[in-house]
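Notes follow the structure.
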């Protein structure tokens, strides 16, 4: 059985939401007297001669003039990236987030993964997406990882932060923070679980689109609600609307590309045909975590049915259980990340771990990330973390 780390006291015993549990730090910790972190007026205590003019228990309210230093808003961002600059990206990797044995981010391993993506030809990375387990992060962790990626690699690869949420309030706040720390674009899923109407979807996305280049993510298998074409068409006129990561299939891809809307396939096993037969711009890929060079060839070098066929067993293996279970298992067996899982994710069973090693041999170890030989890990090699 995998090693299950014993529980430790949770630092936030009464969380109510990801934002209330761990709000992302402001990039400007110091504000002028009389303003809150949001820039609103706050009562300021007065003393001495001035205090005599104020009745006991009362406070004077400080005035804020246009010359006062106010916190950065969403219109003032660290990196200005054109929407067209995002629309042109063909290979975007939904990058894995690796962990240390205590459940914290393994930034050394993460940096190595990003460098490998750059060297393999990826043009962008999704930080904290489904594959990167953003839903298992506090917003503090989430924004920190986006900022870290921008600061270390933003000059060489586009950083797209997954700042979407089923709460419009959280999506707005996280997206402001993401652009403030320098992300080039945002990825936004439609509100899940607490589903809304068509008008609600449009209103939700309209709240975040003014902040910067935006990719909308349609994945009904996870959200249990399809984003219908009328929603995307209603939003397509917005200058910050970069396009859609579409997981419904080829017909939907063609529906949008015929209208001039940029589309990235969200399905590795369909991305070749989506790109070359149905007009997709490219792919937002899971498999490129493992074989970035081959995925680059698949998106840049024209139709290649033979290469696509060669990669299909790997692509199907990756999704034999919900993503990112397969990817986490694969990267651990390649020796590029520690075999640490944040629960509720657990490694694939032994027979699937054996199958992966055979797939690596068939495709060629030299095409995969890392330098170590692929090996079958035992159950006891894995560490499962419940407090993180």
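Glycine residues also receive a Cβ, built from the backbone N, Cα and C atoms like all the rest.
Quick caveat, the model's predicted, so the values are computed rather than measured.
Swiss-Prot lists 1-62 with the feature transit peptide, giving experimental evidence as the kind of evidence.
What Swiss-Prot records for 1-51 is region 'Disordered'.
Sequence annotations record features per position, and here Swiss-Prot assigns site 'Part of a proton relay during catalysis' to 130 (among others). For residue 130 (site 'Part of a proton relay during catalysis'), the same-chain residues that are 6 or more apart in sequence and have a Cβ closer than 8 Å to its Cβ are 94, 162, 219, 222, 323, 324.
Listed in sequence order, the residues of the same chain lying 6 or more apart from residue 131 (pyruvate binding site) and placing their CB within less than 8 Å of its CB are 94, 95, 96, 286, 289, 323, 324, 327. Among the features that Swiss-Prot reports, pyruvate binding site is placed at 131, 284, with the record citing similarity to another entry.
According to Swiss-Prot, the feature site 'Part of a proton relay during catalysis' maps to 193 (among others), an assignment based on similarity to another entry. Taking a C-beta cut-off of under 8 angstroms and a sequence separation of 6 or more, residue 193 (site 'Part of a proton relay during catalysis') has the following same-chain neighbours: 166, 223, 224. Under the DSSP three-state reduction, residue 193 (site 'Part of a proton relay during catalysis') is assigned to coil, being neither helix nor strand.
Long-range neighbours of residue 217 (active site, proton donor/acceptor) (same chain, six or more residues apart, CB within less than 8 Å of its CB): 164, 187, 188, 189, 190, 244, 245, 266. According to its DSSP assignment, residue 217 (active site, proton donor/acceptor) is in a strand. Annotation source Swiss-Prot lists active site, proton donor/acceptor at 217, citing similarity to another entry.
Residue 284 (pyruvate binding site) is surrounded by 28 other CB atoms, counting those within 10 A of its CB over all protein chains shown.
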